[in-house]
Amino acid sequence: MRQATVYIDSAALQYNLNRVKQLAPTAKIVSMVKANAYGHGVKDCLAALSASDAFGVACLQEALEIRELGYQQPITLIEGVFVADEMPIVIDQNIEVIVHQQAQVDWLLAHKDAYIAKDLKVWVKLNSGMNRLGFKIDVIKDVINQLKAEGFICVLAMHFANADADHPLNDEQIRQFLEIKNYCAPLMGSCCNSAAIYKYPELHFDFVRPGIMLYGATPFADRDVHDLDLKPVMTFTAEVIALNHIKAGEHVGYGSTFTAEQDMTLAIVSIGYGDGYPRAFPKQNYVAINGQQTRVIGRVAMDMIAIDVTAMQVKPGTQVELWGNTRLVDDVAEANGTIGYELLCRLSHRPLRKVI
Ligand SMILES: *Cc1c(COP(=O)(O)O)cnc(C)c1O
């Protein structure tokens, strides 16, 4: 049987969650498990993350999956509900909403008594310059004051556009967040994703919202997971299914883009873009065998790649790490012009999944 496998290391997940606790000892932790726990499999990850104070997801569907799996922690819908009909379900299932526009405030007010009776918090989103979702600074004061006057427990929520970098917008976003937090005091606050948890210890406030760091990948372009003291959770592997000796001058793969400069040994590995392994072209992918990195030769196909194993001890059945502890997903991402987040989220259903 084809052996492309995604291993999920639950001890690493727990280790990374503890890192959040160390870095943000006074804040509650909303573990972000949207997009099937960043492609890691929400079912397996929830077990390892059950010490979280709450979970964050992108839509009702994802929240209901958590409830069906039996977890009772608070859940926040980070984009709120999409239609009014979702409100009664949200309340019945003890799910908290963000409000980022007036229609959502109206839906919430229409269910005020039931929502408040369940002690659910309302997350009110400030648009401080990312210009995705949220109320602008000049209107959010009224929204929060109205919700507070109606008896709602509010959390001011904000998201950085550049938490991973030094950018002049950071100071402006912080300034707006603090202005609202003070103006509407007392008011709980939450503005830190993974990068901001590291970068702004003074801004952890009531709730931090770690995502990528839990999974042991980096939110920064210039700091790797070892530097951040995180452990990669996912190891993505496949097996060698054939060996192929080629002579100088021969080509490899679709488009015959690779020409051997000398005689070499290739291993054919049963992995491809049909599994979510990125195509890199025209850049260069590397994989690892027993802790040693080697290059991918020619184009990545749907089901197979060729790798250079000249002078390596390899046979059919040898395990190849596409990413994991040796070849970091962040390095694979870099070689493919993307970020670890994308590679993790866009794995296909084809690889087997195993929890260790
Ligand atoms: C996804 C998300 C996070 C987590 O971001 P990371 O960079 O993965 O830590 C935090 N807050 C919001 C609103 C998000 O959408």
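Cβ coordinates come from backbone N, Cα and C, glycine included.
Lifted from TrEMBL, the feature list:
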- Lys34: active site, proton acceptor (ACT_SITE)
- Lys34: N6-(pyridoxal phosphate)lysine (MOD_RES)
- Arg132, Met302: substrate binding site (BINDING)
- 233-356: domain 'Alanine racemase C-terminal' (DOMAIN)
- Tyr254: active site, proton acceptor (ACT_SITE)
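Structure coloured by features recorded in TrEMBL.
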residue	record	contacts (Cβ under 8 Å, 6+ apart)
Lys34	active site, proton acceptor	Gly56, Val57, Ala58, Glu62, Ile78, Gly211
Arg132	substrate binding site	His159
Tyr254	active site, proton acceptor	Gly298, Arg299, Ala301
Met302	substrate binding site	Gly272, Tyr273, Gly274
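When secondary structure is read from DSSP and collapsed to three states, Arg132 (substrate binding site) falls in the coil class. Look at Met302 (substrate binding site): DSSP puts it in coil. Taken together, the residues in the domain 'Alanine racemase C-terminal' (233-356) have a mean pLDDT of 96 on the 0 to 100 scale.
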